[in-house]
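According to TrEMBL, the protein has these features:
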- 64-182: domain 'ABC3 transporter permease C-terminal' (DOMAIN)
- 18-35: transmembrane segment (TRANSMEM)
- 55-80: transmembrane segment (TRANSMEM)
- 108-129: transmembrane segment (TRANSMEM)
- 149-175: transmembrane segment (TRANSMEM)
- 203-223: transmembrane segment (TRANSMEM)
- 235-261: transmembrane segment (TRANSMEM)
- 282-305: transmembrane segment (TRANSMEM)
- 536-558: transmembrane segment (TRANSMEM)
- 592-620: transmembrane segment (TRANSMEM)
- 632-653: transmembrane segment (TRANSMEM)
Amino acid sequence: MKLSKLAFENVKKSYKDYFIYFLTLMFSVCLFYTFNSFSSQKNIMELSESQAMSLQMVGLFMNMLSFFVVFVLAFLILYANNFLIRRRKKEFGIYMMLGMEKRDISKILIYETLFVGSLSLITGLILGIGCSQILGIVTAKGFGITVDYHIIFSFGAMLATILSFSAIFFILMLLNTRVIAKVKLIDLLQAKKKVEKIRINNPFVAVILLIISLICLGIAYWLTTYSLESFALSLAQIMLLGSIGTILFFVSLSGFLLQFMKLSKKVYYKKLNIYVLRQINAKINTTSISMGVVCLMLLLSIGALSCGLSLNASITKVYEQASAYPFTYHQNEPISEEDMKNLLILSDVDYYNTVTIYKDEHTINDILPYIDSRDAKDKMYRDAKVEYISLSDYNEAMRSQGKETMMLKDNEGFFISGFDEILSYLNEAGDKHIDYQLFGHDLKISNKKEDITILGTNFSPDVIVTMVVPDQVLAGQTSQVRYWNIEVDDAKLQPYIEKIEKNMYTYADEHKIEHYRFSGTSQKEVEDNVMGIGMLFTYIGLYLGIVFMISSAAILALQQLSEAEDSRANYEILRKIGTPEKMMNRSVLLQIGIYFLLPMGLAIIHSFIGVPAVSGAFGYMFGVSSMWKSNLMTGAIIVAIYGIYFIVTYHGYKTTLRRK
């Protein structure tokens, strides 16, 4: 029989053994193609210049991220291949006893890799092309643009996918050839008789390690939650302590888990629980480090998915808060008001207002003593200057936005901010009615503003810590910045912007204004920019989250299927002594369920601490929206992927036990 035909028959005969391997390869190829096909999505969209730039940015980041992802997938594929080689060592030993040379066995493995790799590559690409259509429509919907729909196909993404996975398969073939070349016949024939290394067998040592792991995790949790500053400064220590604590937890678990379960004799001796618990205990003991690594990978997956999705919602909220007018010009140049009116052609606009910003020597650090919240000093730029605007400018801006105006006494003032969290800190100071001296005026600062304030259109809220004061306090002072908020009909806006941009550059050249840069921002630019950044976070979260989820689930599945091969004799004995098939199936379900849930459970506990901290770190830039929707979507993705691998593992385990 030809070696290629024998290899094909092997794959055909052992398709159930190969199914997890094939499934993992197919998902990996699908993901890799889908998230590398962004450059082709613009072909179905009617994009503006800013939208095209945002889409190009997302595509560039996805391509860069793929260099990292391909290494993760390579590790996963090599791990899965190693599992298959271990399961078939006795088969290879029989080949050698029958006179087959090692190089022929290597050729069989090469052919098998080609068959399975080619099939998974083709299937994954077909699935990836389908998923990329969905992703293209979702992207278009995110930008709120019309779609000229037709099938999207990215030759570049396909070529990158084929080259990347071909390289992985080539490395796979070399490693398999090396393994077969070095192995001895006696090792192949006795592969199943070798006892796995037991790590912890002393309950006292296990308890000590558990205490150390809990201390490490406790310190990591405390550093994460104490303050944003402690989280940022101690990130390396948090990651190190968290990793050590997680791995030690699983190393110690097998040393006391069985003893702990024995305390409840009703549970321990019920049905086949005594056998199931001993099996789980033994498996955790021999795979404790890999289970700890899987738990950390699951944490990365949950964090990437949850933070990526929630940041998209937060950034969308920022857009809604940061664009109050169709167009805002931010004047930083010493140009007279009359000249600015001519340059901005205000006679052609529907409406305009101005907001003039002033500063003095006061910094945010002067306000912090009046704020009780521990995180305030971490989330506010302490050395940044406090800004001031007049009451009349504030009221005019509020009237134009349809919001409530304010009244002040001659010695009063109040804080405003474009960030909910910072406003809450400022209101703590306002509640204390602090005394404040500004430009020779003694003011009493109180709490008058409960909702955020936007004074113009920008890529992020331009009001951080600003004080509204009576007009006479600022009279005669030199301004730092002036916002010219302009309303123009949508159809006329872009030609208007182009016209005034030309005016401003001409004026800057004539008056020798060095390093001039046009600083006008339109609502459309903000919307496209924010949507692009939001999609970037979402797609990075999905890409990394799904890759790590697949990797984790595949490793657990392969470990359990390896256990199934070793447990066949035990279940055959149970079958011979009359154990019902239903009871044995239940024990298999319980065993796999506990094995899958242990690392996931600890990862979820870690995520309750870590995810809010990471979201809080981004909160200053983007604000933090409610995370329940992102958590719900994260849960759905986890259930789908984890559930598929769990079901396939359960059925594969039962099939192995029934095999004669």
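Cβ atoms here come from the backbone N, Cα and C positions, even for glycine.
Quantities reported herein were computed from a predicted structural model and do not represent experimental measurements.
Contacts between the transmembrane segment (592-620) and the transmembrane segment (149-175): absent, as fewer than 3 C-beta pairs lie under 8 angstroms at sequence separation of six or more. Counted over residue pairs separated by six or more positions, the transmembrane segment (108-129) shares fewer than 3 Cβ pairs under 8 angstroms with the transmembrane segment (55-80), which leaves the two as not touching. If one looks beyond the transmembrane segment (55-80) by at least 6 residues along the same chain, the residues whose Cβ comes under 8 Å of a Cβ in the stretch are 20-21, 24-25, 28, 31-32, 35-36, 38-39, 41-42, 45, 47, 139, 143, 160, 164, 168, 171-172, 175, 532, 535-536, 539-540, 543-544, 547-548, 550-551, 554-555, 558.
Below 8 angstroms of C-beta separation, residues 196-201, 242-243, 246-251, 253-255, 257, 540-542, 544-549, 551-552, 555-556, 559, 563, 595, 598-600, 602-604, 606-607, 610-611, 614, 630, 633-634, 637-638 of the same chain, each at least six residues beyond the ends of the transmembrane segment (282-305), sit close to that stretch.
Annotation: stretch 18-35 has the most Cβ pairs under 8 Å to the transmembrane segment (149-175), among 18-35, 203-223, 536-558. Sequence-distant contacts of the transmembrane segment (536-558), counting only residues of its own chain at least 6 positions beyond either end whose CB sits under 8 Å from a CB of the stretch, comprise 20, 23-24, 27-28, 31, 35, 57-58, 61-62, 65, 69, 72-73, 75-76, 79-80, 83, 290, 294, 297-298, 300-309, 311-312, 315, 595-596, 599, 634, 637-638, 641-642, 644-646, 648-649, 652.
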